[in-house]
Amino acid sequence: SLNDVVFPSTEEERHLRANDRELNLSYKYSDNAIKTSKYNIFTFLPLNLFEQFQRLANAYFLFLLCLQSIPEVSSLPWYTTVVPLVLVLSMTMAKDGSDDMNRHRCDKQVNNRQVEVLVEGELQSEKWMDVQVGDIVKLENNQFVTADLLLLSSSEPLNLVYIETAELDGETNLKVKQALTVTGKLEDSVEKLANFNGEVRCEPPNNRLDKFTGTLTLKGETYSLDNERILLRGCTLRNTQWCFGLVIFGGPDTKLMQNCGRTTFKRTSIDRLMNVLVLSIFGFLMIMCLILAIGNGIWEYQEGSKFAAFLPKGVNAPFSAFLTFWSYVIILNTVVPISLYVSVEIIRLGNSFYINWDRKMYYPKNDTPAEARTTTLNEELGQIKYIFSDKTGTLTQNVMTFNKCSINGKAYGELLDFSGQRVEINEVREKVDFSWNNLADPKFCFHDNSLVEVVREGNPEVQAFFRLLSLCHTVMPEEKKEGELYYQAQSPDEGALVTAARNFGFVFRSRTPESITVVEMGELVTYELLAVLDFNNVRKRMSVIVRSPEGKLTLYCKGADTIIFERLNPSCSNLTEVTTLHLNEFAGEGLRTLALAYKDIDPEYMEDWKLRHHVANTAMDEREEKLDALYEEIEKGLLLLGSTAVEDKLQDGVPQTIEQLSKADIKIWVLTGDKQETAENIGYSCNMLREEMNEVFIVSANTSEEVRKELQTARRKMTPDGTEEPTVKKSRSGLFCLQKTETVADEPVNGEYAMVINGHSLAFALEKDMEIELLRTACMCQTVICCRVTPLQKAQVVELVKKYKQAVTLAIGDGANDVSMIKAAHIGVGISGQEGMQAVLSSDYSFAQFRYLQRLLLVHGRWSYLRMCKFLRYFFYKNFTFTFVHFWYGFFCGFSAQTVFDEWFITLFNLVYTALPVLSLSLFDQDVNDWWSFQYPQLYTPGQLNQYFSKRAFVYTVLHSGYSSLVLFFIPWAAMYDTVRDDGKEIVDYQSFALLAQTCLLIAVSIQLGLDTHYWTAMNQFFLWGSLSVYFAVIFTMYSNGMFLTLTSSFPFIGTARNSLNQPNVWLTMLLTSVLCVLPVVAYRFLRILLWPTINDKVRGRGSTHLSLDKVLPPTPRRVQARRTSTRRSGYAFSHAQGYGDLVTSGKFLRRTPKSRTTPSLNSAFIARHRIKNENTVI
């Protein structure tokens, strides 16, 4: 199965002994140091140069440099290649060195953290990197876990520890781990721990965060180890004074680092296309050089013999052609100028700074700006087709709030004005004043005062409602100071319900295994806890049976409404109908709902039931079935109290962001480890799933064939007339077309559909023979939600889409369980500002809130893609034009490899005269501003289709260059032919022609740049006019008498500028060539905008009558979520796993008290163990 554990090492089993470094070191296990850097001070220069010369262009220019060192071949001075090559290598080296220094700094910071380690019988402070496998370490409250540890003992009763796993999965609610009883007896005795010599045999290093298998052998007995005994590196110890652990995996072997996966070098689609184009250009260059070399051979054979008498060695036509070939390779190399790569790096760096500096992506609450952690992927942000998102911590805040409730047929939680109309609740609205309740949680927020009024009036139904919430749960309280209560709940939603009861006057204060103490409207009341009927995924409810101080027995029950309604007394039928209407309204708003009910129990019946419960609980066979039957028996004939509605708070702006991205034709898939109900609920809250959808398919089969059947059934419903076999297009791509690709074509669908698939079914669907079936069905859906998926499955889903869709993918998450997905996608985005930062460290971009994703893509991504495409089209245009002029000149100079331009112009053309204007275009240009980008998300779609730069666009650019070069060579040639000055002197010399040709070229490409610029800034104007001014200043300086006299051989063009540029016919020629070069472009663009306008033309032309936006492109109004009702209800607001009833009622709670505690040990002993396992069982 694709869901199997990945074992990256050859290690088959790990064997270690506690406190025996000599034995453990003999196995050569990794120590606890981590290394993410690539270079050190000695390897940096050779390794970096080796990597850089692996780039085809850099190697090519090194080859050119070698050619230029041969006098017989070189037609240009060496500095024309050395200067740009050294510049490129130096800039790239500086950037790589800076990045690696940052990695070194991060590694050093982590490796030098301090932790207490048991060495030779005493605790010593050691650096993390010095910790070895088999060492025993001591952790204290709020410390990071040093390595993957086997928990030995802790300060808490039952050897529990509370950990926060935000670094791993983004979840901030606490989880509980428990040590074996046999190791828990070691407590914090250094002597006992030093004598501990247990041997562990376990699985080798792997990336499964939720699974661990191994055994501990101690004093001849073997004990089973599972994930409940393991503390993973990256977790944080919370609410636990101290604990001791045995190091199992260190450094790169820890599950945290194993999940980081192999860092792959990501390249954009434009980068890959550029490689293919550069290779094609090399071929084209060779063809041009071959043509000119053959021409030279023919010319030497026919004409060269006439000059043989003047040459010392005579004429050898074939050898002359051979040398000419290499000379032209040097001269025509400007078709692939090295400055192209310098400029690309500068543009990417500049656009990265825009992201870092964007105040609209800054989150002031956490002082977290957006960060471009890589500078090589910006333009690909404008081509995203698929987004893969985590849920917890990415779409949601992992914070639950008690929003509404229905009690005895009346709904509470809404605000109405004097006319009875609903008023929107926001932060400005006045909150309910809970100052009358000294124990109220100051953070709790509620707006409906009527609920407080009925509670304080003593309404029996309302008070019974909150009494149930304060009693029916498995929450543990912690009171650090008098009156300062802190609730530790297995899930945030259960904590929200108990907090609501607390604020409305029913304060859960403390518990023992036999009692629950509640402050009811200021009075302390202790209930005897007789039984906890625990929650599980089949029952979907939990109950408690309590005895009040008056001796009254009551069963309180909460659970999914469908489950509760089946067990109600028939007398509740009318109330059930009204409550159902309220539940539908709550569900329609995306809230998580629960129904609450109770019943009074006869004491005699209870005694009999307890006896039967004891028998069932101690039965050896069918214990669970017998207990379920007893629970069913007593949970009948319930009386309905009402329902609750809890909001799983989304991050701000999530629904609007998803809506905007959907309009941009971006498909969003949610990949989450949460259960199906929770994932569905968030889908509805985010508007990803909607009631008006044709159908939401649920794939949850347990066998391969059933999964295939469910996928096929869904596909046939969406396309009844579709083909059974997929349309797969096979092609080749990459350099030399060596890479085989298969593309599964998109299939048209009428209507909107969604699919929800669980991890078990996904494991079958990802198998080789079924993956295309999964892809076809999923890609037909508007929304796909994968729940209960492992980190490995997340990456596999991303790889599947990358493999068969040839589309650009983006993955966004906030925990270590998202790292593999983030690294697998073309673009990885980490949510920062949370406590979990592992995803950020592996990401390409990071910011604090999901809503910033729309600005990253629709504004920065689109602009970056547009700018890069404009830059490449213009750069190839000006350089091919420059090179083609040389090519045409070859036919007029006897194919002698003479340059048509001055050597200094050739050197400075790309580095000075045209560098800054094109950079200003590529850094500042906008087709429309950010406001219009948000108004019309459809502007994003051309990037997904590669419309702005492709092989076809490149061919058009080359043809355009060919036309311009013909004009720029033959018009000046014809104008200068047999021409005389005003004073009768000729100006048909080579130097005058070279000056005229190069000036015409520079003016023409500058005008083309102006036509390509949509957004003029002061910088654009300054660079464009400044570059032309610098050109004229340079030629007048370099062609002056002084420069000629100083370095005669380097500045031969003496007086050319002042002799030529004072002639009217020279300026008229410049004007004529410029007009002829620009005229076809202007005509084509005018006709295209008039007859075939693109979406960009429509938005830019919003002021024109013929392009009125109201007529051709009405903006899609933002979908306002209307008040709706829904029969679909999600997420009973309490624990997602088996409940903790057994732990709460366990007498072992009071087994041991820590030596120094400021709070009662009982009240901190809870949170996330659902059953006390009989871990002492000998295997």
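Please read every residue number as a count from 1 along the shown chain.
Glycine is treated like the rest: Cβ placed from N, Cα and C.
Copied from TrEMBL, the annotated features are:
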ACT_SITE  Asp390  active site, 4-aspartylphosphate intermediate
BINDING   Asp390, Lys391, Thr392, Glu494, Phe535, Lys558, Arg592, Thr672, Gly673, Asp674, Arg788, Lys794, Asn817, Asp818  ATP binding site
BINDING   Asp390, Thr392, Asp814, Asp818  Mg(2+) binding site
DOMAIN    17-82  domain 'P-type ATPase N-terminal'
DOMAIN    840-1094  domain 'P-type ATPase C-terminal'
TRANSMEM  276-299  transmembrane segment
TRANSMEM  319-342  transmembrane segment
TRANSMEM  871-892  transmembrane segment
TRANSMEM  904-924  transmembrane segment
TRANSMEM  953-973  transmembrane segment
TRANSMEM  993-1011  transmembrane segment
TRANSMEM  1023-1046  transmembrane segment
TRANSMEM  1066-1087  transmembrane segment
Inset, instruction - Kindly say whether the transmembrane segment (871-892) and the transmembrane segment (953-973) touch, using the definition of 3 or more Cβ pairs under 8 Å where each pair is 6 or more positions apart. - result: yes
Inset, instruction - Measure from the CA atom of Asp390 (active site, 4-aspartylphosphate intermediate) to the CA atom of Asn817 (ATP binding site) and give the result in Å, rounded to a whole number. - result: 9
Legend entry - Per-residue Cβ crowding (10 Å cut-off), top of recorded positions Asp390, Asp814: Asp814
Inset, instruction - Count up the helix, strand and coil residues in the domain 'P-type ATPase N-terminal' (17-82) according to DSSP, in that order. - result: 32 helix, 1 strand, 33 coil
Inset, instruction - Counting Cβ neighbours within 10 Å across all chains shown, tell me which of the binding-site residues Arg592, Arg788 comes out on top. - result: Arg592
Inset, instruction - Select one residue from Thr392, Asn817: among these binding-site residues, choose the one with the most other Cβ atoms within 10 Å of its Cβ. - result: Asn817
Legend entry - Selection from 276-299, 319-342, 904-924, 953-973, 1066-1087, the stretch that has most Cβ pairs under 8 A to the transmembrane segment (993-1011): 1066-1087
Legend entry - Residue from Asp390, Asp814, Asp818 whose C-alpha is spatially nearest that of Arg592 (ATP binding site), among the recorded positions: Asp390
Legend entry - Cα-to-Cα gap, Asp814 (Mg(2+) binding site) vs Phe535 (ATP binding site), nearest whole Å: 30
Inset, instruction - For Gly673 (ATP binding site), just count the other CB atoms lying within 10 A of its CB, please. - result: 25
Legend entry - Recorded stretch, among 276-299, 319-342, 953-973, 1066-1087, maximising Cβ pairs under 8 Å relative to the transmembrane segment (904-924): 319-342
Legend entry - Stretch-averaged pLDDT - the domain 'P-type ATPase C-terminal' (840-1094): 87
Legend entry - Alpha-carbon distance [Gly673 (ATP binding site); Asp390 (active site, 4-aspartylphosphate intermediate)] in Å: 8
Inset, instruction - Among the binding-site residues listed here (Phe535, Asp818), identify the one with the smallest other-Cβ count within 10 Å. - result: Phe535
Legend entry - Surrounding residues of the transmembrane segment (319-342) on its own chain - C-beta under 8 Å, 6+ positions past either end: 55, 57-58, 60-61, 64, 67-68, 70, 72-76, 81, 84-85, 87-88, 91, 278, 281-282, 284-286, 288-290, 292-294, 296-297, 300, 304, 875, 879-880, 882-883, 886-887, 890, 895-897, 899, 906, 909-911, 915
Inset, instruction - Could you state the whole-number distance in Å separating the C-alpha atoms of Thr392 (ATP binding site) and Asp818 (Mg(2+) binding site)? - result: 11
Legend entry - Closest of Phe535, Gly673, Arg788 to Asp818 (Mg(2+) binding site), Cα positions, binding-site residues only: Gly673
